[in-house]
Amino acid sequence: MTKKDNRRWISLVALVCQTTSLVLLLRYSRTVKTEKYLSSTAIVTAEFLKGIVCIFLVWLENDRSINRVILVLNEEIYNKPHDTMKLAIPSGLYSIQNNLLFIALSYLNAATYQVTYQLKILTTALFSVFMLKKRIEKRQWFSLFMLAIGVALVTWPTPDESNKRLTVQNQATWLQQMMGFCAVLVSAVTSGFAGVYFEQILKTGPTSVWVRNIQLAIFGTIFGLLIVICFDYKAVMDKGFFQGYTTLVWIVIFLQATGGLIIAVVIKYADNIIKGFATSLSILFSSVISYFVLHDFTPNLFFYIGTMCVLTATFLYGWEKPKVTPSANDQPRV
């Protein structure tokens, strides 16, 4: 096995572990019967931690010289205010998306969330067409249609569930699930636009992806603090910024902070097929663990069919025809 293959497999394992662990642990942290932590403060902490990690990576890229790190940050951030301000838009959208992630997993089980959130593939594709003028092949359009059908099946209520809504308690549960689904849908839209916008910025200059992530972290921390002030100011004043924080919450924050960095490594050393494969494995693991460990998920026929459609669509969208290189025997003879 070559060094490149090793990196591909390491990237695959890292992304599967990070995605599955984040969704399951976040879901558990929002449902366990302990003092509730504030999701808004957790997001601020995660953004701050992401910035610290990226500064460390910039330090490694610059021969572990603190002076060179300061020089790079001064040149790329402080001396380019207009360029830096461009990151305020995706950063603000990521802040909204992260808050919606906590809301969604407060009301939806991990398996349903994982499948439904794949709608970000659809929104990313649409924004890529309109903003980057990207060409989508017929195969990819078909996969997007299959993705939409799959998500619709996963969220489709069974006849038994429809009848249960007659009681006040079950109606309240149904409304909470609808809130979760709405949070996922809005999150998928913000994720698609922010991702394409960020890609557009990355392609317009030679700035390091880690420096760009530092810029995102700066604005993410600012926007996150504004959300804390607007919605949780009184709670923070009463019990403190880190109220309800446990070891589990800190693990969730760390996974949240490193998620985007792991995806960047996957894109660098792997490809869309590996990313799609990691997503599929993560959905399967989340479903199994939700059923056997968390006991908050009971799959039905609609879920099985919808999940298969989503997994197939994910693979089909990222699949590329292998490029055939002509062999020596195929070369024209003179």
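Each residue, glycine too, has its Cβ placed from N, Cα and C.
Unlike curated records, TrEMBL annotations are generated automatically.
Sequence annotations record features per position, and here TrEMBL assigns transmembrane segment to 9-28 (among others). With a threshold of 8 Å between CB atoms, the same-chain residues lying at least 6 positions outside the transmembrane segment (9-28) that come near it are 101-102, 105, 109-110, 113-114, 248, 251-252, 255-256, 258-259, 262-263, 265-266, 269-270, 274-275, 277-279, 281-282, 285-286, 289-290, 294, 296.
Here TrEMBL flags 40-60 (among others) as transmembrane segment. Residues 66, 69, 72-73, 95, 98-99, 102, 208, 210-211, 213-214, 216-218, 220-221, 224-225, 227-228, 231-232, 236, 241-243, 249, 252-254, 256-258, 260-261 of the same chain, all 6+ positions outside the transmembrane segment (40-60), place their C-beta atoms under 8 angstroms from a C-beta of that stretch.
Beyond its flanks by at least six residues, the transmembrane segment (141-158) meets 112, 115-116, 118-119, 121-122, 125, 181, 300, 302-303, 305-310, 312-314, 316-317 of its own chain at Cβ-Cβ distances under 8 Å. As annotated by TrEMBL, transmembrane segment applies to 141-158 (among others).
If you look up TrEMBL, you'll see 178-198 (among others) marked as transmembrane segment.
According to TrEMBL, the feature transmembrane segment maps to 210-236 (among others). Using a Cβ-Cβ cut-off under 8 Å and counting only residues 6 or more beyond its ends in the same chain, the transmembrane segment (210-236) has close neighbours at 38, 40-41, 43-44, 47-48, 50-51, 54-55, 57-58, 61, 72-73, 76-77, 84, 87-88, 90-92, 94-95, 99, 198, 201-202, 243, 260-261, 264.
The feature transmembrane segment is assigned by TrEMBL to 248-270 (among others).
Residues 12, 15-16, 19-20, 23-24, 27-28, 31, 109-111, 114-115, 118, 266, 307, 310-311, 314-315 of the same chain, all 6+ positions outside the transmembrane segment (277-295), place their C-beta atoms under 8 angstroms from a C-beta of that stretch. Here TrEMBL flags 277-295 (among others) as transmembrane segment.
Per TrEMBL, the feature transmembrane segment maps to 301-319 (among others).
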Chain residues in Cβ proximity to the transmembrane segment (178-198) (below 8 Å; excluding those fewer than six residues from its ends, i.e. six or more beyond): 87, 89-90, 93-94, 96-97, 100-101, 103-108, 112-113, 116-117, 119-120, 122-128, 131-132, 155, 212, 216
